[in-house]
Amino acid sequence: MNKYFTCYVVASLFLSGCTVQHNLINETPSQIVQGHNQVIHQYFDEKNTSGVLVIQTDKKINLYGNALSRANTEYVPASTFKMLNALIGLENQKTDINEIFKWKGEKRSFTAWEKDMTLGEAMKLSAVPVYQELARRIGLDLMQKEVKRIGFGNAEIGQQVDNFWLVGPLKVTPIQEVEFVSQLAHTQLPFSEKVQANVKNMLLLEESNGYKIFGKTGWAMDIKPQVGWLTGWVEQPDGKIVAFALNMEMRSEMPASIRNELLMKSLKQLNII
């Protein structure tokens, strides 16, 4: 099976701080470097959690945090898969950016989800039911074909089309996530430019002082230990793209904002924003 992106990292990377090369099908290999930033290590320690922040600039990938081995460990993508779900759905004309997904009055996990919304609004609210509906429209066969075509993570979706990204079997490493989102940021994924532009517009989180921050959160609550994500990119004032994937162990009592707090502090520490 051809993968659009795959990576191989030797264990010594996390022990010695050396650099290695990993292969991207149809791409120039990226250089992976263990970052040396004790302050970011301490940020994760202070939150009593284990985590890694993967940063990609051009073809160089740097790893920061207090659990760098997580960078090449597979985890369920949780709601970060909404990015690919939207790309597949729009590309295959299963929806469009103007469609209103109707709420039928059923109880949902969060009251913020209990309303009609577009795909873009559902992306910002991380409304699982809307993206489950989209996945069902796409269907198991087409979804499997598309996930394999893109080579996202292990590309395994199992037999249930509306929860494989929440509980498995789909899994992806933080390095693979940062590669995926970097290609999206540069409009280099094998989808139409229009579809990629539409999805990128859904992901804008913040804009200030000439910087734009795009991203998607994820929180896998139904697995043990729980996993948190925040994956996206910074568009700097000069147009340069810096992609990131934050991955950490979560606990039920943690505030959802902890991921954004860790990310923003780390990006400032690295002078990315």
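All residue numbers here begin at 1 and follow the chain in the order shown.
Backbone N, Cα and C atoms are what each Cβ position is placed from, and that goes for glycine too.
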Next on the checklist: Looking at LYS82, LYS194, LYS268, which residue has the N6-carboxylysine feature per Swiss-Prot?
Outcome noted: LYS82
Checklist outcome for this item: Checking Swiss-Prot, the member of SER30, SER126 that binds beta-lactam with SER79, LYS82, THR217, TRP219, ARG259 is SER126
Next on the checklist: Long-range neighbours only, meaning 6 or more apart in sequence with Cβ under 8 Å: which ones does SER79 (beta-lactam binding site) have?
Outcome noted: SER126, VAL128, TYR131, TRP165, LYS216, THR217, GLY218, TRP219, TRP229
Checklist entry - Among LYS82, ARG259, all listed as binding-site residues, which has the most CB atoms within 10 Å of its CB? => result LYS82
Next on the checklist: Could you state, as a whole number of Å, the largest distance between Cα atoms of any two of SER79, LYS82, SER126, THR217, TRP219, ARG259, the listed beta-lactam binders?
Outcome noted: 17
Checklist entry - According to DSSP, does TRP219 (beta-lactam binding site) fall in a helix, a strand, or coil? => result strand
Checklist entry - Including all protein chains displayed, how many Cβ atoms other than that of THR217 (beta-lactam binding site) lie within 10 Å of its Cβ? => result 21
Item to check | DSSP three-state assignment (helix, strand or coil) for ARG259 (beta-lactam binding site) | outcome: helix
